[in-house]
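A.B. asks: Take a look at the following structure, please.
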Protein chains: 2
Amino acid sequence: MMEDSTKWMQEALKEASLAKDKGEVPIGAVVVKDGTVLGRGHNQKEGFQDATLHAELLAIRQANQTLGNWRLEDCDLYVTLEPCPMCSGAIVQSRIRRVYYGPHDLKSGAAGSLMNLLQDDRLNHQTEVIPGLLQEDCQDLLQSFFKDLRARKKKEKQDRQQE
Amino acid sequence: MMEDSTKWMQEALKEASLAKDKGEVPIGAVVVKDGTVLGRGHNQKEGFQDATLHAELLAIRQANQTLGNWRLEDCDLYVTLEPCPMCSGAIVQSRIRRVYYGPHDLKSGAAGSLMNLLQDDRLNHQTEVIPGLLQEDCQDLLQSFFKDLRARKKKEKQDRQQE
């Protein structure tokens, strides 16, 4: 039987694919409680030109709405890339119990890479953190997105030079 | 002539008063560019039961909408309390130029107190930070809110005991 945590990360990966389809950096997240998805989100920063529309923030806000409660106690978040400082702060604010993520983000990861805001005992909430879940699937999606993006930009440049 | 920075912090204080009127912790923020307010926000976390509805996040999102751009370059943010990690992360994400705030927040301030996410050179953007602007006015509003809250809770307890 597939482990539940793998199943939920696959749901987060489906969200990431939706971002990719919209030309957004493919990152997805879901919030889960007692075997039910309470909130889903994928990166929509470019489409809405809103700096806060990361996958995690959208999934947290939807879970808040579903429960009618800003407290997401006993909820777990699955996200396809290590959260940035903003999203890590939102995870602490909403008191999420546990965070599973795919690969580390060495440039701006705030759940173990550059810092660990999820386990800072000076803040009023700490979260369990489980990195590396379906890491390769998450990474493959990101790498193919950036590879396509570079190829498209290169082609655009060549087309402009031929005009 | 009143300094412009004082004028804008007074706008943030007006937002904080709106939060107080709704029974929310009175924190307000404005985003300003070239002498114009592009976004305003006040804490609405309890009313909407949304963990992300801090003053700063709302002001940033409104400024993003006003400009049709997630980049708030050459924009300054004024907020009546030192930003938390989530809001500091959003300030970095949106590339705000300068942040003015009132008092330090020793419990969760992430712009100088517990940490300084606004000036972490490992992240891809750094912000100027000016603390202590109209600090006493900001602090008075917060203290009177919490004093009233304690008095109300005490009275409720006494009323229950007399029933």
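Please read every residue number as a count from 1 along the shown chain.
Including glycine, each Cβ sits where the backbone N, Cα and C put it.
Any TrEMBL annotation is an automated prediction that lacks curation.
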A.B. asks: Report the candidate from A:H54, A:H125 that shares the Zn(2+) site with A:C84, A:C87, as recorded in TrEMBL.
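C.D. replies: Of the residues offered, the record points to A:H54.
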A.B. asks: Suppose you look only at the domain 'CMP/dCMP-type deaminase' (A:3-114); what would the mean pLDDT be?
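C.D. replies: Average per-residue pLDDT within the domain 'CMP/dCMP-type deaminase' (A:3-114): 98.
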A.B. asks: Measuring Cα to Cα, how many angstrom lie between A:E56 (active site, proton donor) and A:C87 (Zn(2+) binding site)?
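C.D. replies: Each residue's Cα considered, A:E56 (active site, proton donor) and A:C87 (Zn(2+) binding site) end up 6 Å apart.
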A.B. asks: When you tally the Cβ atoms that lie within 10 Å of each candidate's Cβ, which of the binding-site residues (A:C84, A:C87) has the highest tally?
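C.D. replies: The largest 10 Å Cβ neighbour count belongs to A:C87.
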A.B. asks: If you skip the near sequence neighbours and keep only those at least six away, which residues in the chain come within under 8 angstroms of A:H54 (Zn(2+) binding site), Cβ to Cβ?
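C.D. replies: Expected: A:I27, A:G41, A:N43, A:K45, A:P83, A:C84, A:M86, A:C87.
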